[in-house]
Structures are given as structure tokens and as C-alpha cells.
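Scroll down for the structure; my scribbles are underneath it.
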Amino acid sequence: MTNCLSFRNGRGLALLCALLGTLCETGSGQIRYSVSEELDKGSFVGNIANDLGLEPRELAERGVRIVSRGRTQLFSLNPQSGSLVTAERIDREELCAQIPLCLVKFNILVEDKLKIFEVEIEIKDINDNAPNFPTEELEIKIGELTVPGTRFPLKTAFDPDVGINSLQNYKLSPNDYFSLAVNSVSEGAKYPELVLERALDREKREIHQLVLVASDGGDPVHSGNLHIQVIVLDANDNPPMFTQPEYRVSVWENVPVGTRLLTVNATDPDEGFNAQVSYILDKMPGKIAEIFHLNSVSGEVSILKSLDYEDAMFYEIKIEAQDGPGLLSRAKILVTVLDVNDNAPEITITSLTSSVPEEGTVGREIALIDVHDRDSGQNGQVEVFVLGNLPFKLEKSVDQYYRLVTATSLDREQISEYNISLRASDGGSPPLSTETHITLHVIDINDNPPTFPHLSYSAYIPENNPRGASIFSVTAQDPDSNNNARITYALTEDTLQGAPLSSFVSINSNTGVLYALRSFDYEQFRDLKLLVTASDSGNPPLSSNVSLNLFVLDQNDNAPEILYPALPTDGSTGVELAPRSAEPGYLVTKVVAVDRDSGQNAWLSYRLLKASEPGLFSVGLHTGEVRTARALLDRDALKQSLVVAVQDHGQPPLSATVTLTVAVADRIPDILADLGSLEPSAKPNDSDLTLYLVVAVAAVSCVFLALVIVLLAHRLRRWHKSRLLQASGGGLASTPGSHFVGVDGVRAFLQTYSHEVSLTADSRKSHLIFPQPNYADTLISQESCEKSEPLLITQDLLEMKGDSNLLQQAPPNTDWRFSQAQRPGTSGSQNGDDTGTWPNNQFDTEMLQAMILASASEAADGSSTLGGGAGTMGLSARYGPQFTLQHVPDYRQNVYIPGSNATLTNAAGKRDGKAPAGGNGNKKKSGKKEKK
């Protein structure tokens, strides 16, 4: 490819078209251009983008740049046009001197591909220099006796241009005595000589003025002038003569300054002044006069300045020998500089990738290095290698370029940074070497998932923990770095008891600390199985799981719960039955309690906290069985009150209490008969207090009785067909009816309004007792164990109701019994015609539910001695081995209304007032008492 460029010089050249840009591919990746010297900065050299197969914009994108080994940049890249341009004005004479072919070599690096292209540019000479003589004037002395035809050497002109632009011819100004002869040598140099054509006559003309013109072959032609002054002397017919026209000498570049190279010698056969020879170093352009010294007297040539083979390997020195009158002769000295290994190799990092990803492919380019040694021959032969056992190697590229590539895969987790040392050694003796160091960072890729130090974890947290409490901390390790090692924690979604697991436990995504979102209850669940996921922040992210078993530790947060006797909901008190004939160790009842805690916190112990008759009963420490501690005596009260405490073994221990009422009698009718005559014993010192209590209770009783009357009237209106109180009529309107219902199917005396009525025929006072609830939840509640004082209702109060017959009590209907078929059973089938007017829907249902609960709770207990006989009414039959609902007698057979002639029957035919056939039960009881 040829480019025609134009330029202007200072003298007004219009246009010079020359062959400038011949581009060719020489070998692999070699580009060649040609350009003229003295072009302006930025002048076009060649379309480098097109020759590289790139678009102009890709020069910057792909990192295309010039590599010139530290020399002055003569050329640059224009990223806009994609062309190679001059970086400054180029002077071929300064760059290449007299070398005919001036070549500038450099390399172009394509950064992203780490590819090198060799570029060679030929600098074309232009005729920018005129021939120039060393001096402007030359004085020649010629004897008048000089024979015509004698030749006198003249100063040669020097033109730094080459080729046709260099010195081409000499021309002497016209004269009558002298002519010009030009001698050409093999190197192409031309030496002018002044030829004497006619004999001189000093007497006619002593001085001759001549002009020697040196011209080049350029267009336009440049020339230089030398003014010659010829002085006619007396006769000196022999010039000095060198022993040899050319001297050759070789010298090592490292010789010291002042070293003598050689001595030249010239002789003159004349005598006297005409034979005195002096040596002159011809004035030559360049730095020869600064490097070499010629002794004008001895002809000794020595070194003034250190030689450097790398700067110049050859010197040509021109010398002259002149006698006294001025005759001279010429010779030249050829100095060859010998190379020594005085330069260590140079390592230049042309391109460098400071970081590479780990686990990359083998052969990944890291750096492009240029290795150069300024020495020559074996001294310039360089070998470069990587020091140490590192996973890198060097591959030869073009010229003296090497590529540093990976030899194996890199693993950042093993080595994250490499300090690569490169050593270049030449082949000299001794060899010289140079080292350079490259720091390479290995970029992490996400090739390692987070790992936990353990396969699974176990954590423990006590129940009733505060919300937000820290439970446990898990930590995973990731050998990667930065985001690839930034770990986040999460819980795998799951459900627990129908609720999402995230509502129970949360985890801090950054620290791995688990927190409780709610207060745990050991009684609800005892352990949680969690799956913790640790994920890094790489792309794509990697994760791993670990199982965490969270165990809830039991705390003593539940007090014992008493199942039997169940705490009543209507304020009544249950009664347990103990026969007076019971022997020591007789099982009266059993307190059954459970604790929702576990372990030692649920280990229960029972003890008798308080008893109305100390020493009469005992409680099993671990069984809760209430047994008689001794035989029952006549002096023992009919009604015994016991407070039993149930305590667990937690820290601190929790407890609950229950109040038991034990009736000492063989049968329920005996209890009913005895309760009517019981008078609460008052302490002597409590008379005043009793009076105050009677007055207070009397006031409350009035309000209470009024309410009872209203309620009873309402019920009588609804149950007007009931024959429960037919015989008594309205006589008991002022007294609330009592219902003997067992709680849990066992307790015999459960009064709806929680009071007891005792009416006697021979007393003017009736006793109305309002007992307090006799159970408590904790040991602190002890007031329930105290016996309430009775409230006396006077006869006057009863007379206000207008019926004095209420004080006359009819004997109880002892024949009020139910046949076996009429008693309630599990099937609930009774003859509707035989059931009297007693309401049975509500109470039978309650009785059935209570007995089912009791049967389920205690059916397995076979140690009881109580049975379901007629004397005990089956109140404690739950401790029997065959307790069923059929063993429970009808509670209505033992109910009567004190102070009333009315009796409850289950048949319409038994209302004639006659004593029933089975009315001897009370007589038998009286007989037993008399015997005692």
C-alpha cells in the first residue's frame, strides 16, 4: 500500500509526493511502513487499525498500544482515525546517520489478546541538508617551484543526507593556474584535489583566491562553498607520507579512559622546516573528537571517553600529516569496538494482569514480558525462567517476548497471593542476571459452600423463657472471601402444632443467633427439630444445612391439680362416709392429684395439713389414701373435717390443698337423724362474739330467705304438677329445699344454697347454718377449714310466716324406697309412671356425669374395703373392684324434709300417711345406739 504525503519546509517547498506507506505482512504479525523524515507531528504513517483487522474505536477498547523498550516514542496511535502518526519531527540524519537504510522497529501490543505485532518503519531521506565543509576557508601554501600537475588534497565536504541527496560533485571556480580533480573510492566517497596546471611565480602573484563548490543531487540542489587561499612559497617539493594509508585496530569496550590505541607515523624526505611533520585529527561531524585524541607530535591515538559497544561498534577516524610549509597527506584509522558482557539482561513487563480468578483454565495469560540484553553474540543470548516451585510457566512469543501463563489451576483457599520472581540470565562469562517480581492476586470464586463444625447441634432452654431470649448460636465457616464468604442464616420452613415454625423461633440472618419468639411451655411440647441453612452471597449462592434439636427444660410452673375430690363449682362441700365400726387402717377415701410438670417437679407427696380430730386419720405420703389411724370412738364427732396438702418436689415446691368432710356413720339415714340434733358447741368465751354473729347473720338471712321464697315460688309455678311437696303444701315456703347430690357421684350432702337447716319439735329455736367453702387451692387458704357458727332463727321469725305448723315435725317416711328396677342405671330406663313428682332430668344427668367421672378415675383401684351395701349407700364404692353405676342407690330414698308431714314417695298409692312397711330401719338404729 502506498501513501502520498505532503509537507512544507521553511524555504517554501510546495508539495512532495513520495512513496511513504508501503505496508506488508512479513512473517507472523509483522507490519512495515515507510515515511519521510521531517514531517510535522501527527502526520499520517499508515492505517494501523485496518492492518490489524480492527475498527478505530477498538484501539482503545482492546488496549492497543506501542511498546518501544524505553526508547523515545517517534510514533503514536490516533484512536479516532485508527491511524499510526508521527509523535514528533523525525530527523533521519540524527537517527541513522549515514546508514543507507534507516529502519525504526517497535512493537504494537493488543492488550486483551496479549498479541504482539512487529512494526518496521523505513525513514526516507529528503534533501534537507546542504553539503558542508569543515571550515569555510582553507589556506594552501605551494612553493613556486612546484611542478605543474602536482595535486593538493582539499577538504572534503560532508552531507548527512544519503543517496541522491548526498554529496554528488565538486566544482572549482574558474582560474588560470589550478584545476579540480575528484577521486572516488570504493565506499562512494569523493575526495577533491587541487591540480596545479601552470607553474607559479611568486613574484607575479603571491596569493590566489579560489572557491570550491560542493553540490548534492537533490531537487532543488543544495551546495556548500569552501574559500581556498593559495599562498605561493618557496620550494617544498615533498609532502609527508604515512606508513600505511589505513590503520585498523580492535579494542574492548571496557578499556579504561586514556588507553593508547595505536601510533601513526608519517615521514617527509625534505629537510629542516619542510620536514617537520605534525598530525591533525580531521574535523568530522559527530563525537569522534570527544572520544579519541591524536597527539600532534607523536601521532599517538588514545581514548578520551569510555567506549560502549551498544552505542557504536565501529569508528572511522580521518587523520592528516602536514609538514612545515603546509604539504600534507591523509590516512584513516578504523576502530572496531569489541563487546564484553557488561550489560545485564533487561526485563520489561509490557502487559500485566494483576489478578486472576481461581480454578481458571490452564494456560491463562498473566503477563507479557520483554527480555532484552544490549550485549551481542553469546553475551546477548538470554534465558528467562520462573523461580521457585510455582504453578506458572513462560511461553516464547515473537522476538524476545515471553508470555507468563498458569501451569495448573489456582486455588485461592490455599494461596491467595503469589509473589512471582522472574530471572533472566545471559550467556556471558561470567553470566549476568536480572530479577523482577510480579504480585498476582487470586480472585475468589464461589467454589466452597459454608460448613458447620458439627453435624448436628443440641440446645436447651428452660420453659417460661422470656420472649426474645437468646437460645443458641450456630456459626458456619466459608473459606471463600468477600461476598462469597458472607454468610446468612435461615430456618427451613416447617410447622409445629399446626403453626409455622417461624412463629416459635427466629434466627438472626447475620449472626446465626436463635431467638425464642414466644414463651415455651414444656407441657405443650418438649422438643423442636430445626434445620438451619447457611447460605453465602456468591453467584450462584451455595448453602449447607445442619440440624438443631432444641429441648425445652421443665420448670416447676404447675401446682398439683387435685382430680378427686373435684373442687365443687357451686360452693358446696362433699362428704365421705366412714363407719363407726371401721378398724385402724380403714380406707376412707383417696386424694388423687396430678402435676403437669415432669420429673421431680411432678413427684407428689401428700400430707394431712389440718384435722378437726388430730390423730384420727392419716394420709399416705405417696398414695394420698386417707385411712383411719385408730378405731372410731363414741366421743368422736359425727362430722370430721380434714385438710390434705399435695406438694410437688420442684424448686421451689408448689402445692394445693383440699378439704374433706368425713361423716362418721354406718348409713345415710343415721347421718340425717343425727344431723338434726347436732348443736354446735360454742366456746365459753365466744358468747358475745356469737351474739354479734347471730345478729349479723339474721339480717343477711332475712334478705336471703326473701330471695329463696321468690325463687321457690317461681319453681313451684313451673312444677305445679310435681308432687314432691304435695303433703307439706306451702309450709316450707320460707325454707329453701335441700338437694342431696353427690359431687363426682359420691358426695352425699351438696346443698344448693350451701346451708344446713336443723328444725326440732321441742325447741323454740331453729338453726340455720351457712358453712363456708371447705376447700382451698393452696396451703395458705386455711379459713376454709374452720367451722362456721350457726345462725339462730327464733320462733318469732317463723310465726311471721303465719304457719305455726311448721314447727311440728312428722316422722320420716321410712318406707320411701325404690325397687331395683326403679333405681337409675347406665341405661337410664325407668318407668315413667312410677317416678314420683321429683324432678329427675337435671339431677339425674348431673349424677350420671359425676358417676362416669368417678368410675373412670378410680375403677382400677382394688384395695378399697368399702362396698356398696345398704348401710353405706355406696358413697365410696369407687374404691371397690366392681364399681358401676348400678351399684349407686337412688339418692331420693334417703331424703326427707325436716319439720314437715310431707314425705317423698315414688308411687301415687303411698300418700295415706301410714307408716311404710320398711319403716323399722330407724328402730334398728336406735337399738344399736342403746347397746353401745
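Any Cβ shown, glycine's included, is placed from N, Cα and C.
So that you can see what the record holds, here are the features copied from Swiss-Prot:
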DOMAIN    30-133  domain 'Cadherin 1'
TOPO_DOM  30-692  topological domain 'Extracellular'
DOMAIN    134-242  domain 'Cadherin 2'
DOMAIN    243-347  domain 'Cadherin 3'
CARBOHYD  ASN265  N-linked glycosylation site
DOMAIN    348-452  domain 'Cadherin 4'
CARBOHYD  ASN419  N-linked glycosylation site
DOMAIN    453-562  domain 'Cadherin 5'
CARBOHYD  ASN545  N-linked glycosylation site
DOMAIN    570-682  domain 'Cadherin 6'
CARBOHYD  ASN685  N-linked glycosylation site
TRANSMEM  693-713  transmembrane segment
REGION    806-841  region 'Disordered'
REGION    902-932  region 'Disordered'
COMPBIAS  922-932  compositional bias 'Basic residues'
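Location within the structure of each feature annotated in Swiss-Prot.
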{"residue": "ASN265", "record": "N-linked glycosylation site", "CB count, 10 Å": "16"}
{"residue": "ASN419", "record": "N-linked glycosylation site", "CB count, 10 Å": "11"}
{"residue": "ASN545", "record": "N-linked glycosylation site", "CB count, 10 Å": "13"}
Cα-to-Cα gap, ASN545 (N-linked glycosylation site) vs ASN265 (N-linked glycosylation site), nearest whole Å: 99
PLDDT averaged over the residues of the domain 'Cadherin 3' (243-347): 90
Three-state secondary structure, which DSSP defines for ASN265 (N-linked glycosylation site): coil
Cα distance (Å, whole number) from ASN419 (N-linked glycosylation site) to ASN265 (N-linked glycosylation site): 62
Tally of DSSP helical, extended and coil residues in the domain 'Cadherin 6' (570-682): 14 helix, 44 strand, 55 coil
